[in-house]
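**Q** Mind having a look at this structure? Questions to follow.
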Amino acid sequence: MAPITDSVNGSKIYTPVKQSLPEVDPDDGYGAKRYSYETLVEIANFLLSRVSIRPCIGVICGSGMGSYWKQGSLAETITDAECIPYEDIPNFPVSTVEGHHGKLVFGRLDGIPVVAMQGRFHYYEGYPLWKCCLPVRVMKLIGVKTLIATNAAGGLNPNYKIGDLMIMKDHINMMGFAGNNPLLGPNDERFGPRFIPMNKAYNYEYRQIAKQLAKELNIENLVREGVYTCLGGPNFETVAELNMLKMVGVDAVGMSTVHEVIIARHCDMKVFALSLITNECVTRYDQDDEANHEEVLDVGRMRQDILRKYVTRLVAKFAEVENY
Ligand SMILES: O=P(O)(O)O[C@@H]1C[C@H](O)[C@@H](CO)O1
Ligand SMILES: Nc1nc2[nH]cnc2c(=O)[nH]1
């Protein structure tokens, strides 16, 4: 390659070295290789060999919200349930957070074939973002076309109350601003294209259906629509951070979902996401309250019946419009 020279005095600046991209990503920054498409196909085939259900809708249960998939009430909600603990799935991460049980539950909600993640993976557990989202790609490979992601979040919008449900209409990818994105690295076109739009990430029709359903269930007063952001955690936010996020239009703050939605959209899944507001964000220095995980789990328990009913009916309505 020709050396690059200074256009004024002609002196040599540097001689570029011809480079080619590595065929496989050597390291994901955590000392591990990203899983190939083939490895994810192996995981998907493993799951398909273990269960008879062929789900078209995938549900990710947020902190505390997976508890209703447990014994007793699971049988009432997900019928024909077939459970696979994460540790039994080759190459699958394991859940390390209280309130995330660590199981895939295949079965039916209102007769519709679903797979539910009873426990998700968070960046703060030490998993790189691509690994946090690995189950979303696996869902895609087993036939899931619609993703319903739920999360627990702090309410930053001053009109939100503890126990409210916020339909996500958008997100701000704070971790992306800092250069961290689940799509970093070589792109495998078998999942999706290199560059993807995100302006329609949260399906408009699903959001309208969810608002209409809230009216039918008489929970309209609990249901909001807003913008979520994910910070990596595990610490909750400082007062200054929260005030900055409020200024840029964030309504709820959490530690997940954004990267899962990016991966779901990359492989052309339709997305609906719901935040349970588990605490009010502390935005003044004279406030005594402090965010804590126990409160998050308690509010999850408090709202579990409503959430179960709402999500179950949403599954049925989405399946109806999609002809699943
Ligand atoms: O899995 P989600 O996003 O619901 O969990 C939130 C964020 C942290 O993991 C935890 C904090 O209490 O709840
Ligand atoms: N980052 C963050 N995550 C949460 N999850 C539940 N509440 C909160 C919160 O206030 N902040």
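Backbone N, Cα and C define each Cβ position, glycine as well.
Automatic, uncurated: that is what TrEMBL annotation is.
What TrEMBL records for this protein is below:
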type: BINDING; residues: S63, H100, R120, F121, H122, A152, S256; note: phosphate binding site
type: BINDING; residues: E237, N279; note: purine D-ribonucleoside binding site
type: DOMAIN; residues: 57-315; note: domain 'Nucleoside phosphorylase'
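Tell me what's around each of these sites.
**A** Contacts of H122 (phosphate binding site) defined by a Cβ separation under 8 A and a same-chain sequence distance of 6+ are given as V97, C132, G233, P234, M255, S256, in order along the sequence.
Counting Cβ atoms from all protein chains shown, E237 (purine D-ribonucleoside binding site) has 20 others lying within 10 Å of its own Cβ.
Mean pLDDT across the domain 'Nucleoside phosphorylase' (57-315) comes to 93 in this model.
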**Q** Within the chain of H100 (phosphate binding site), which residues six or more apart in sequence place their C-beta under 8 angstroms from its C-beta?
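**A** Counting only residues 6 or more apart in sequence, the Cβ neighbours of H100 (phosphate binding site) under 8 Å are C61, S63, G66, Q118, G119, R120.
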**Q** Taking the centroid of the Cβ atoms of S63, H100, R120, F121, H122, A152, S256 as the phosphate site, which other residues of that chain lie with their Cβ within 8 Å of it, listed in sequence order?
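**A** Leaving out the recorded residues gives G62, V97, G99, G119, N151, M255.
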**Q** Which of these binding-site residues (S63, A152, E237) have a C-beta closer than 6 Å to some atom of ligand 1?
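**A** Passing the 6 Å Cβ check against ligand 1: S63, A152.
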**Q** Near A152 (phosphate binding site), which residues of its own chain have a C-beta under 8 A away, given they sit six or more steps off in sequence?
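**A** Sequence-distant Cβ neighbours: G62, S63, G64, M65, G254, S275, L276, T278, V296, V299, G300.
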**Q** Using CB under 6 Å from any atom of ligand 2, narrow the binding-site residues H100, F121, A152, S256, N279 to the ones that qualify.
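**A** Listed by sequence, the hits are A152, N279.
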